[in-house]
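Structure provided below as structure tokens; questions to follow.
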Amino acid sequence: MSFHALHGGKRIDRGADASAAREREYHYRRADAAVHAAGLMAVAAGCLALALSLPNPPGWRPGIAIGLYALGLVASFGFSAAYNTAAPGPRREVLRRFDHAAIFFMIAGTYSPVSLLAIGGWLGTALLGFVWAGALLGAALKLLAPGRFERLAIGTYLLLGWVGIVAAAPLVEALASWQLGALLAGGIFYSAGVLVHLATRLPYNTALWHALVLVAAGCHYAVVLRLAAG
């Protein structure tokens with residue numbers, strides 16, 4: 001066999017590999033888009049259910065707590081969908097900043113009803129202040145220094161997500177056993193999602209990561225919905 005035949009064969013192999021990679025990427029993005037579509041529909045329905053479950057008038061504490069939670073939920077799922085479905089380019093890079101920043105707002109938003117409506121007292125206020133301060137700093141870091149301090153950001157996500165364990169005692173007194181289980185399950189699903197996100201060689205890892213986020217958010221939503229109803 002001639003050198004040219006071998007060289008041409010290598011070009012064909014490389015072309016086939018590139019075509020297969022594009023095909024895989026297409027299916028990965030479609031799966032992720034489907035997860036985001038389900039998430040956006042769930043968020044829209046969930047926010048409506050929250051609004052309907054609040055007392056009329058809701059009072060300032062439940063109103064602020066549920067409002068912050070809904071804002072974080074919409075921001076996180078909305079920016080995630082916009083970023084992950086955007087075409088490559090400068091616009092996508094800007095959306096990436098807001099997507100990563102919105103994760104901090106979702107964490108702090110989830111703490112808002114739990115801290116104000118379940119924990120209460122000085123501990124609930126202190127915990128909420130700590131989480132929101134960390135979330136604002138983390139969001140600023142993501143917006144102003146994108147692509148830097150990635151490990152620090154991931155560690156901060158996890159720290160803020162699990163710092164609520166310091167309020168375990170009042171949570172046990174205030175919440176039903178199923179609510180405690182749902183809070184814990186949500187934290188575990190979120191943490192598992194981080195591991196899946198980091199496993200970049202895992203097929204469909206982005207779609208699986210976002211699916212775990214959706215399940216985790218659903219666990220926490222069940223707790224918040226019950227708190228909203230009073």
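Cβ atoms are placed via backbone N, Cα and C, with glycine included.
Got these off TrEMBL a minute ago, pasting:
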- 33-54: transmembrane segment (TRANSMEM)
- 66-86: transmembrane segment (TRANSMEM)
- 98-120: transmembrane segment (TRANSMEM)
- 126-145: transmembrane segment (TRANSMEM)
- 152-172: transmembrane segment (TRANSMEM)
- 178-200: transmembrane segment (TRANSMEM)
- 207-229: transmembrane segment (TRANSMEM)
- HIS210: Zn(2+) binding site (BINDING)
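Describe the structural context of these features.
Here the transmembrane segment (66-86) has Cβ contacts under 8 Å with residues 29, 32-33, 36-37, 39-40, 43, 46-47, 50, 54, 58, 92, 95-96, 98-99, 101-103, 105-110, 112-113, 206, 210, 217, 221, 224, 228 of the same chain, all six or more residues outside its ends.
Remote same-chain residues near the transmembrane segment (98-120) are listed as 61-62, 64-66, 68-73, 75-76, 78-80, 82-84, 127-128, 131-132, 134-136, 138-140, 142-143, 146, 153, 156-157, 160-161, 164, 167, 170-171, 174-175, 183, 217, 220, 223-224, 227-228 (criterion: CB distance under 8 Å, separation of at least six residues from the stretch ends).
Within the same chain, residues 114, 154, 157-158, 161-162, 164, 171-172, 206, 208-210, 212-213, 215-220, 222-223, 226 sit at least 6 positions outside the transmembrane segment (178-200) and bring their C-beta atoms closer than 8 Å to a C-beta of that stretch.
Using a Cβ-Cβ cut-off under 8 Å and counting only residues 6 or more beyond its ends in the same chain, the transmembrane segment (207-229) has close neighbours at 28, 31-32, 34-36, 38-39, 42, 46, 49-50, 53-54, 62, 65-66, 69, 73, 77, 80, 84, 106, 110, 113-114, 117-118, 175-176, 179, 182-183, 185-190, 192-194, 196-197.
In the three-state DSSP classification, HIS210 (Zn(2+) binding site) falls within a helix.
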If we skip the immediate neighbours and take only residues 6+ beyond the ends of the transmembrane segment (33-54), which ones have a Cβ under 8 Å from one of its Cβ atoms?
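Cβ under 8 Å, 6 or more out: 62-63, 66, 69-70, 73-74, 77-78, 80-81, 84-85, 207, 210-211, 213-214, 217-218, 221, 224-225, 228-229.
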Given a separation of at least six residues and a C-beta threshold under 8 Å, show me what packs close to HIS210 (Zn(2+) binding site) in the same chain.
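Sequence-distant Cβ neighbours: ASP32, VAL35, HIS36, GLY39, SER80, ASN84, GLY193.
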